[in-house]
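TrEMBL annotations:
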ACT_SITE  ASP155  active site, charge relay system
ACT_SITE  HIS218  active site, charge relay system
ACT_SITE  SER548  active site, charge relay system
DOMAIN    36-121  domain 'Inhibitor I9'
DOMAIN    146-585  domain 'Peptidase S8/S53'
DOMAIN    378-463  domain 'PA'
DOMAIN    662-758  domain 'Subtilisin-like protease fibronectin type-III'
SIGNAL    1-29  signal peptide
Amino acid sequence: MENPRWCLPALASLLLLLLSLSLSPRAAAYLQERKNYIVHLRPRDGGGGGGSVEEWHRSFLPQAAAGPDSAADGGGDSPRIIYSYSDVFPGFAARLTDEEAEALRATDGCVRLYPEVFLPLATTRSPGFLGLHLGNEGFWSRSGFGRGVVIGILDTGILPSHPSFGDDGMQPPPKGWKGTCEFKAVARGGCNNKIIGARAFGSAAVNSTAPPVDDAGHGTHTASTAAGNFVENANIRGNADGTASGMAPHAHLAIYKVCTRSRCSIMDIIAGLDAAVRDGVDVLSFSIGAYSGTQFNYDPIAIAAFKAMERGIFVSCAAGNAGPEPGTVGNGAPWMLTVAAGTMDRAIRTNVKLGNGQEFHGESLFQPGNNSAADPVPLVYPGADGFDASRDCSVLRGSEVTGKVVLCESRGLNGRIEAGQTVAAYGGVGMIVMNRAAEGYTTFADAHVLPASHVSYDAGTKIISYLNSTGNATASIDFKGTVIGSYPSPTVTFFSSRGPSKASPGILKPDITGPGMNILAAWAPSDSHTEFSDGGADLSFFVESGTSMSTPHLSGIAALLKSLHPDWSPAAIKSAIMTTSDAVDRTGLPIKDEQYRHATFYAMGAGYANPALAFDPGLVYDLRADDYIPYLCGLGLGDDGVTEIAHRPIACGGVKAITEAELNYPSLVVSLLSQPITVNRTVTNVGKARSVYTAVVDMPKDVSVVVRPPMLRFTELKEKQSFTVTVRWAGEPNVAGAEGNLKWVSDDDYIVRSPLVIPGKGE
């Protein structure tokens, strides 16, 4: 029988070669056009089979391209095999013709081919807002500020010369660190005890003179949010002033440049993950968009992340910026932390004052010292009847806006600055950006080019009503600078992607919410940002928003926990973060969404991260890699599907499969019909050796929840106790579903809270 680990040259490729010899050069060139693919293989038996990984991968190529010189065969300087993945993904990336790809798909040992796709790129106040404060006491100092932990950042690179990446107070790299440094331009800085590794991959490696150097700003921003060192007097043009630092200011950084300014190749992402695991990172931070709803065994990132988790690496990923529509969350595998974006209590305020005396709060980074727009001027709205323009100000007429403040409708996540540039170009002296209905109260502090204020949808509708009530509408913009104590806070942003996860709706996703709105962090000057007249060349810090910003906050928090508890598994760290999170805002009321309605768990996950409590959670819901196998079998992926994720042969017939609800996860999603459902959970004591916990259930009256036993008694650390949760409708089933909490409360002030969700019909 043919050995499935090795593939013979495909007959189709030989026929293609013979055919191309008889065709015109143009037709032959067309037939030989190559595209990029990730080739997913079945793991080699025992990991061996003779020869190196690279030789094994070359055996899958057509014979003419499989020799030792195939790295530059026939296609000039373009190699056929781009990457040989060795640690997190069984396979390689290669350039193949359509015919070669079809032949590989039919070859023994080949699971599937993924065509190259490109994924999008998904602080001074946030440490304090999260309860991290300088001083001799407290979680931050007790954790050593993340000392000894390595955070791997997959992004657009880093600006190594930035003061956030100085190594004052840093220890040398940990023993066993295998990373390399590719910085070449000494004048722009390089590796030190803060940045201990830096590499660039694929197309991202050819976009700057020193490959890992950030030429977009995004990677520098996320890296400093996770682990930037302390920098005093950080601000952007005088706003949001304070001492900047990342969540884990004394953690090491390993940089993997897998993205250009606008996109990230899936081939480069897997190569970066592969290198990071091989180098020895402890935490992986992934602020990149994801496959939404893709079955896990068809998702290369989920497959790679499983192997990272198995190696003890914590993987923190962005939920995505596709909200507020339900079912848009990405990076939804339960072995990854999926992070939503929320606001803080800081606003960079600009107030809009109308001619009738009404005043509305807004935001803008444009804050001139002379309050130059405080005098009332005529106010116009291009969306009104009789205007030959567009309501989002993408099309204007100078005669209609010159010398006036212009009300413009938001364009969504982007385009607000461009709207201001258009208004200014046509002679407008100010701009009010009003949200669309779906965007609610989420407002951005943008670097506008003229006096401007971004206001809520509610404020915008009232401004339009005022415009419709008078023929002489006026407005002024008053600049208030940085305001601390903005209410309500935190809230969930409109753009943060929502659950349920389409790939596994029985697992609550996102997992957690962190600061992701108007986040000030380190910046790499980039000609892609033209907001300022000087191009922003002197900017050391910049404000950005997105789940790209919330993710590194949680990556840094995970590093703090890893430093304090080096023996904790990734699942234990995740559990500590989730079960100690806040479900209420700073006034004690339930956290709200962008409409100022009660935020659901599908919007915020378990809640808003509270690292000051996470370091000592009392109990954790732990999972090891093998514990996911019964869950994966229960998803119905089949032997092959589970094998593809687990990187080893799995026979589900020999595994006691479980439902999604039965995975020992820190949250519970119970799809309840007319019959009661009972699920099991196991907790591990990581608090005080001798402790007693009592179950407290907070659910609507039409839901009955019974916990057995209702009390857990522990006599030692690391002791495990199991319990069951039985859920049923107390009356008629509610088609809207229900949400609440199961809490384990101890006399020692521990509260271990797990969201309990009964999905509504259609969720």
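For all residues, glycine too, the Cβ spot is worked out from N, Cα and C.
TrEMBL annotations: computationally assigned, not manually curated.
Source: prediction; values computed, not measured.
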Other C-beta atoms that fall within 10 angstroms of the C-beta of HIS218 (active site, charge relay system): 28
PLDDT averaged over the residues of the domain 'Peptidase S8/S53' (146-585): 89
The domain 'Subtilisin-like protease fibronectin type-III' (662-758), counted residue by residue under DSSP: helix, strand, coil: 1 helix, 56 strand, 40 coil
Secondary structure content of the domain 'PA' (378-463), with strand meaning DSSP E or B: 24 helix, 17 strand, 45 coil
For ASP155 (active site, charge relay system), nearby residues of its own chain (Cβ under 8 Å, 6 or more apart in sequence): LEU121, ASP214, HIS218, GLY219, THR222, ALA223, ILE255, TYR256, LYS257, VAL258, CYS259, SER285, SER287, ILE288
Proximal but sequence-remote residues of the same chain as SER548 (active site, charge relay system) (Cβ under 8 Å, at least 6 apart): LEU121, ALA122, HIS218, HIS221, THR222, SER287, ILE288, ALA318, ASN321, GLY516
